[in-house]
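Feature annotations, reproduced from TrEMBL:
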{"type": "REGION", "residues": "1-23", "note": "region 'Disordered'"}
{"type": "REGION", "residues": "38-83", "note": "region 'Disordered'"}
{"type": "COMPBIAS", "residues": "55-78", "note": "compositional bias 'Low complexity'"}
{"type": "REPEAT", "residues": "114-148", "note": "repeat 'PPR'"}
{"type": "REPEAT", "residues": "223-257", "note": "repeat 'PPR'"}
{"type": "REPEAT", "residues": "263-297", "note": "repeat 'PPR'"}
{"type": "REPEAT", "residues": "298-332", "note": "repeat 'PPR'"}
{"type": "REPEAT", "residues": "333-367", "note": "repeat 'PPR'"}
{"type": "REGION", "residues": "502-554", "note": "region 'Disordered'"}
{"type": "COMPBIAS", "residues": "511-522", "note": "compositional bias 'Low complexity'"}
């Protein structure tokens, strides 16, 4: 129905009373965004972590529904993988703990493991000489519906080759070949297969395998890891010259980021090969050339070459490499310092050996009891007992010394005629942890002191320490009582001045008899309350009052101060 002209005008007038809402300004929209790009990035990370911890509901529904085993999509980048700490556990030889985390993942997580999970675990088991458990994990992986993973099979083959089990190498290879076919076994298995042939004395078959994977016209895809397996097989089976030719070819093909044919492992294999050939200068030269191909040596690489040099009488070159670690931003670890320390002792340089041990401790590293024992023993052998005693004092609070360690340092001190220092060690043990001074150590100390006619001093020292502990307990109790008395005296001197701070005015107004009597009555009342306050505060100072009593005491004091102000006003 059409509107008449008057009705349209009235409708327009009503619209003008409510002007249209202006679009929100950029300032108001800013509240819906982030103040800085860093805040936005932090929010994205929080969302990603939330998705990892709380997976989508559809995955929970699927896990609750009875269904057959499904294969996880290998191309899905969101498939959860083994937590990072599990990989760390396999690297630090805690494979049993890593397997426990894997079982938790299988039994409790609402998602399945991925191929990466099994690769990490199998590689860790192989590196820690637990090849049988690795095979069991491979079988479990297949039982869960996963395809035969070439990396897992390659690791298992390498593990059998490392143990010298050629039959195990060929068994794993045949199983992989049946499951994926000859054309899809991957380049990573050829190095292990060559090792299997070398173990059986089948050199011609090994070299045929080598030509098949890297020869002219080969269709096998080789990456840096696959090349490294082949390099190692060649260099450790009398084919180092062929390994050098392959290494030069890898360097020529290396063109990051498009083509990665060389990595740190490649250099480590060639360095080991040169050291095995006794060509240490060439090994050092190759080691220092890593930077040309954007490879940086790590602590393990340094330790590997330093160990080879130290074992072959080249300590000076090893120390030069050690000093160059700081320039490359690489931190030495306990193994680095132990290598240099042991070699210095072997070459009659005890002062330098002690310096390496001290530097290791100052670097916040944690040498074990065996390393400490070698250091102290090396110093004692050359007559540096005082230096050995200083290291004992340095490490006694950092290591759990055993009876043998205590006996060694005590015997060394007895031999140079310092029984008093032995008694100091015994006294420290009794004061810090009496359980360290075992019956065996007591008998040893008494026997050695008996040779000097001082066998009773151990018993006397034990009695003196017990008396000192009893006196310390009594002194602590007395100090607590004194603190309680001081607190009461302080409260008794402070509270009346606050509650009756206007005494002078009350005395000057003695003419007002009624106010004086009222003040006296209030004083008696406040004095009674003051005693209660003093008792409660004294209990707090002695440590016998709990938090509730402290609160009550503070409330009473506050109430009395308020009452005092009211009295003064009156």
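In case you wondered, yes, glycine gets a Cβ from its N, Cα and C as well.
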Distal contacts, the repeat 'PPR' (263-297) - CB-CB under 8 A, six or more residues away: 224-225, 227-228, 231-232, 235-236, 240, 243-244, 247, 250-251, 254, 256, 304-305, 308-309, 312, 314, 317, 321, 328, 330
Outside the repeat 'PPR' (333-367), six or more residues from its ends: residues with CB under 8 Å to it: 299, 302-303, 306-307, 310, 315, 318-319, 322, 325, 374-375, 378-379, 382, 384, 387, 391, 394-395, 398
Positions whose Cβ lies under 8 angstroms from the repeat 'PPR' (223-257), at least six residues beyond its ends: 154, 158, 186-188, 190-192, 194-195, 198, 203, 206-207, 210, 213-214, 263, 265-266, 269-270, 272-273, 276-277, 293-294
Segment confidence, the repeat 'PPR' (298-332), expressed as mean pLDDT: 94
Per-state residue totals over the repeat 'PPR' (263-297) - DSSP helix, strand, coil: 26 helix, 0 strand, 9 coil
DSSP-derived helix, strand and coil totals, residue by residue, for the repeat 'PPR' (114-148): 26 helix, 0 strand, 9 coil
